[in-house]
Amino acid sequence: MTNASDDFTESSQPFKLFADWLTDAKASEPNDPNAVALATVDPDGLPNVRMVLLKDFDEQGFVFYTNYESTKGKEILSAEKAAMCFHWKTLRRQVRVRGAVEKVSDAEADAYYASRPRGSRIGAWASKQSRPLESRFALEKAVAEYTAKYAIGDIPRPSYWSGFRIRPVSIEFWHDRAFRLHDRVLFTRPAPEGDWNKERLYP
C-alpha cells in the first residue's frame with residue numbers, strides 16, 4: 001500500500017494517481033472499494049445522489065452501468081453531466097470527479113453484461129428500476145417469469161440497460177491531515193480532450 005506520507009501532490013497524472021489510490025483501497029477497504037457516490041440533477045436543478053459501483057476507468061473516463069429508464073439514467077440523459085465522489089475511510093482519502101457524460105458502446109455494454117452473474121442478468125429484465133412497486137411478491141413473480149423465459153441459452157442485454165462514461169473536466173484528490181490542514185490537489189481541463197492543469201487548494 002502507498003505510504004500515507006507519500007507526497008501525492010507531486011503527481012502530474014491524475015488517472016495514474018487514481019489507479020494507485022484505488023489499488024490501495026482494494027487492499028484496505030472491507031467492502032466495495034469501487035463504490036462511489038454519483039450526483040445528478042433533475043430538470044428543475046434539484047440534486048440527486050446515490051451509490052453506484054465503478055466498473056472500469058481509463059484515460060477516457062469513469063464507467064458505471066445502470067438502467068437508462070431509471071431516475072439516474074433519465075437525469076443523465078437529460079443533463080449530460082454528472083459528478084462522482086469516492087471516499088475511502090480506512091485510507092482517509094477522497095477523490096471528486098466532475099464532467100460530461102456519454103453512453104458506452106454497445107460492444108462495451110454487451111461484454112460487461114455477459115460477465116455478470118445469471119441472476120443479475122435476470123434482474124435487469126425483471127426490475128422496472130425507480131418505478132413504483134406494489135409488493136415484494138410482484139418483483140419475485142417477475143424474476144420467476146424471466147427465469148422461465150430464459151431458462152435455456154443466453155440472456156440478452158435489455159436495450160435500456162447499458163453504461164455511462166463520465167469524461168472528467170476536473171478531478172480533485174484529498175488526503176486527511178491533522179488539525180484539518182488537509183492536502184488537496186485539483187486537476188482541471190477545459191474539455192474532456194484537453195490537457196490537464198494542476199493546482200493545490202487550501203483545505
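Quick reminder: no glycine exception, Cβ is built from N, Cα and C everywhere.
Between the candidates LYS55, LYS72, LYS74, Swiss-Prot assigns the substrate site shared with TYR112, ARG116, SER120, ARG180, LEU181, HIS182 to LYS55. Taking Cβ-Cβ distances under 8 Å and a sequence separation of 6 or more, the neighbours of GLN129 (FMN binding site) in its chain are THR66, ASN67, GLU69, SER70, GLY73. Per-site Cβ counts within 10 Å over the binding-site residues TYR112, TRP174 peak at TRP174.
For the pair LEU181 (substrate binding site) and TRP174 (FMN binding site), the C-alpha distance works out to 11 angstrom. Considering only the binding-site residues ARG50, VAL52, TYR65, LYS72, TRP174, ARG180 (substrate binding site) has TRP174 as its nearest partner by CA-CA distance.
Measuring Cα to Cα from LYS55 (substrate binding site), the binding-site residues that fall within 10 Å are TYR65, out of TYR65, LYS72, TRP174. Distance noted between the C-alpha atoms of TYR112 (substrate binding site) and TYR65 (FMN binding site) is 9 Å.
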